[in-house]
Amino acid sequence: MHAWPAPEVPELPGHGSAVRLHDTAAQGLVPTPAAAPGEAARIYVCGITPYDATHMGHANTYLTFDLIQRAWLDAGHPVSYVQNVTDVDDPLLERAAATGRDWEALAESETALFREDMTALRILPPQHYVGAVESIPLVVDLVVKLLERGAAYDVDGDVYFSVHADPAFGAVAHLDAPEMLTTFGERGGDPGRPGKKDPLDCLLWQAEREGEPSWEPGEQARAAGLKPGRPGWHIECAAIALEHLGMGIDLQGGGSDLAFPHHEMGASEAQVVTGQRPYAHSYVHSGMVGLDGEKMSKSKGNLVLVSKLRHAGVDPMAIRLALLAHHYRTDWEWTDADLVSAVARLARWRAAVSRPDGVPADDVLDAVRARIADDLDAPGALAVIDAWVARQEAADGDDTAAASAQRNTAAPGQISRITDALLGVAL
């Protein structure tokens, strides 16, 4: 599966510093990446289930990890980035059945729209953009290994992962037992299924169901007990990450609603199947974007779609600025006022850099780098650019000798390159 075109990232003078990010597992700020200076930083971000268009919650998540990549690149780290597409799953099959569409055609069309939205928003693409369907052989291999290790078992033809196989289970999200049970049930788990050893045990391989797609696991897997079927959700990401990045990745990312059970389960499965730990050095989660008092989600239908705004003529850079105005870890409500403010900010910035010269900008790069390095403080970085723009506006029309002596022709270009390289905003 192919990703989307990569926007050019300008090189800036010098290098940024390590980025301190809030690690869900460590429950505090940690320096990232864990990779040594100059070495590649490895990041895995969970992708979409393609049964509907990209909404602001999606955009907020992928913008978060775009900023992290830009900061790592600025600090001198090449980035190895993998993202999946859950192109076979219950919500996709249910939407296809409800609309009378072929599930594969639905997944393909929504994935194509997602690529268009990411391109418009200038989100850096993954080097490996991998579908669940194409990864089924990888999943089968892991499920067989987990069975052989006694970490998985059969329930009426389905195969489940035993969470007790990983003594560190729970170390990612830090939920207590009642919270785990409730959250597991709310987010796709089946805690009440009879025959399971523990209510939290999660599905690795679902045996064939009538009217649903299934795959033949192969002779070796058949001998291990697998029947024709399809993969569970968590093991897909574990398999893809291990194949393309290996263990000990620098960062596992996604929305905060993925910390448990998805990232918890995936980490445990990877650690048990390899016998190594940690799966990831840090777990970084973006906040939820709401609308009308509820989390924006496909299932609820309370969506503000990137594509709809684009087709209405909204500049994608204004959408990007509207998202950057909120700290990545906060939960917040999308409002029309966010977009109005972002459109005005974009116009001011573009007007300021369109002038033939400008007020000094030598301190702006260090200030923006400092804000981004401090737990990805994008609102603070925007404020730095705003301050330069305000100085530029105040100097407009000041033709005194002192003012003219301070202006230089390089400043507008400096600001444009900074906003492009570190914030991804093309002026």
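Cβ from N, Cα, C; glycine included.
Feature list (source: Swiss-Prot):
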BINDING   Cys46, Cys237, His262  Zn(2+) binding site
BINDING   Cys46, Gly47, Ile48, Thr49, Thr61, Asn84, Val85, Thr86, Trp233, Gly255, Ser256, Asp257, Val289  L-cysteinyl-5'-AMP binding site
MOTIF     48-58  motif ''HIGH' region'
MOTIF     186-191  motif ''ERGGDP' region'
MOTIF     295-299  motif ''KMSKS' region'
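Feature map: Swiss-Prot annotations on the structure.
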| residue | record | DSSP (3 states) |
| --- | --- | --- |
| Cys46 | Zn(2+) binding site | coil |
| Thr61 | L-cysteinyl-5'-AMP binding site | helix |
| Val85 | L-cysteinyl-5'-AMP binding site | strand |
| Trp233 | L-cysteinyl-5'-AMP binding site | helix |
| Ser256 | L-cysteinyl-5'-AMP binding site | helix |
| His262 | Zn(2+) binding site | helix |
| Val289 | L-cysteinyl-5'-AMP binding site | strand |
Additional residues around Zn(2+), ordered along the sequence, whose Cβ is within 8 Å of the centroid of Cys46, Cys237, His262: Asn84, Trp233, His234, Glu236, Gly254, Leu258, His263, Gly266
Cβ packing number for Cys46 (Zn(2+) binding site), 10 Å threshold: 23
Binding-site residues compared (Thr61, Ser256) - the one with the fewest other Cβ atoms within 10 Å: Ser256
Per-residue Cβ crowding (10 Å cut-off), top of binding-site residues Ile48, Val85, Cys237, Val289: Cys237
Among Ile48, Thr61, Val85, Ser256, Val289, which are recorded as binding-site residues, the nearest neighbour of Cys237 (Zn(2+) binding site) by Cα: Val85
Cys46 (Zn(2+) binding site) and Val85 (L-cysteinyl-5'-AMP binding site), distance between Cα atoms, whole Å: 8
Inter-residue C-alpha distance, Ile48 (L-cysteinyl-5'-AMP binding site) and His262 (Zn(2+) binding site) (nearest angstrom): 13
L-cysteinyl-5'-AMP binding residues Cys46, Gly47, Ile48, Thr49, Thr61, Asn84, Val85, Thr86, Trp233, Gly255, Ser256, Asp257, Val289: largest Cα-Cα distance, in Å and rounded to whole number: 23
Pairwise Cα distance for Cys46 (Zn(2+) binding site)/Ser256 (L-cysteinyl-5'-AMP binding site) [Å, integer]: 11
Between His262 (Zn(2+) binding site) and Ser256 (L-cysteinyl-5'-AMP binding site): CA-CA distance (Å): 10
Residue from Thr61, Trp233, Val289 whose C-alpha is spatially nearest that of His262 (Zn(2+) binding site), among the binding-site residues: Trp233
